[in-house]
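S.K.: The structure under discussion is supplied below as structure tokens; questions concerning it will follow.
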Amino acid sequence: MSGSAAIMKAPAKSEFIIKPENTKAEVDTSNWPGLLKNYDKMLIRTSHFTPIPDHGSAPWSRDIKSYVSSGVINLDKPSNPSSHEVVAWIKRILRVDKTGHSGTLDPKVTGCLIVCIDRATRLVKAQQGAGKEYVCCIRFHDTVPGGEPAFAKALETLTGALFQRPPLISAVKRQLRIRTIHKSRLLEFDNERHLGVFWVSCEAGTYIRTLCVHLGLLLGVGAHMQELRRVRSGVMSEDDGSLVTLHDVLDAQWQYDNNGDEALLRKVIQPLETLLCTYKRLVVKDTAVNAVCYGAKLMIPGLLRYDQGIEQGEEVVLMTTKGEAIAIAIAQMGAVELATCDHGCVAKVKRCIMERDLYPRRWGMGPVASEKKKLKASGLLDKYGRPNEKTPASWLQSYKDYNVSSSEAPALPAPAGADAAAAPSTPALPAPEEKNESEEKSADASDSKKRKKDETAEEKAERKRLKKEKKEKKEKKKSDKDE
């Protein structure tokens, strides 16, 4: 072997040792559906909880009956029928109890109309106040001086907070109101045909018809709305692949009724959780879910995770670890307090969405609640859990009922070892005379009849005459109506 030949060295032993690491593989949740999207980016309050796998299910895994009754449809409303007619047709096709929509569209207007079914109708109010986007075709009454640049400038001018009065033919009172135009963009313009097409993103309740009239006034030629289409309502738009027609809904229900195929029905209907993706989230332990459904406040021990940037007084959505929406709530703490506090109220329920008893009851099973049950069973507390003369002093000192204010709290019973000699030697005052119950009732009755007793005979006769005339007039009116 020549000296220039490379000599392989034995590698150090340490290079083959796998060292222990205090890390774990990260899960990419950016593609998870609904409320579970970016779950790994939420801040962790605690990771310890008792899962209840036999109750509840992921929104996309519900049985078909629950799926339909907790669903929403992003419907492409056809021209001519009113929004109420369309919603009534959906109700009849799907054979459900309740339906509602996210905001009325005029009969001639087409586009996104979010139809909520049964449980999802609880979200209708929130969706009616969500932002909207429209594409509008405007017809000018004459050639626009300045052409396309003038039209684009007028659109830019009519951006921001605007005064609007509803059109002459409208379902609301014609009061002056302020509505905000967030953005607008010119799409097409034909000055020879006196037509223009523009896109607008605006606040709920904005009248595009009124906006077209204002554009005509600003350009000095007059204008009116020719056609209108809503392209986005809240979080749902015509580009996200969820837009369906009435024929699609009818076909999906027919397939399920005749062939038992629910695939098309699941494609047409979306879970209600899709409407809540813009809310900040609070993840609730499975054991606390049913208490929240019964109206309880969410407390710190029931919180698992929370989104960044939550502020006090903000609307948030309470969700389970499976991605189900429990309720819309008002946050009582900000994100900083949620990270540092060890007790307190996290959120108060504003609108409950989930049905009661979908998850089992888990309240009243802690050490304090168990002790309270024992005391009630042995007669040391009354049937409502309030202290009585037999209540031990240790319980009175340690237990605080947060549902009762300090002014309403019952007086604590005197300890058993209290000595009569400890009382001051002042002479006992005579007890005030107690009124009999029957005497109080008779006094109330006499007060109510005081007016009749004080009146003279002439006043009494006049009162009776007026009463008789009123009665005869009423009977005559009734008989005329029957004829």
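Quick reminder: no glycine exception, Cβ is built from N, Cα and C everywhere.
The compositional bias 'Low complexity' annotation in Swiss-Prot covers 409-428. Positions annotated as compositional bias 'Basic and acidic residues' by Swiss-Prot: 432-462. Positions annotated as compositional bias 'Basic residues' by Swiss-Prot: 463-476. What Swiss-Prot records for 279-354 is domain 'PUA'. The feature region 'Disordered' is assigned by Swiss-Prot to 406-483.
I'd like these features described in context: how deep, what's nearby, how far apart.
M.R.: Helix, strand and coil residue tallies for the domain 'PUA' (279-354), in that order: 17 helix, 31 strand, 28 coil [DSSP].
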S.K.: If you run through the compositional bias 'Basic residues' (463-476) with DSSP, how many residues end up as helix, strand and coil?
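M.R.: DSSP composition of the compositional bias 'Basic residues' (463-476): 14 helix, 0 strand, 0 coil.
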S.K.: What mean pLDDT score does the domain 'PUA' (279-354) have in the model?
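M.R.: The answer is 93, the mean pLDDT of the model over that range.
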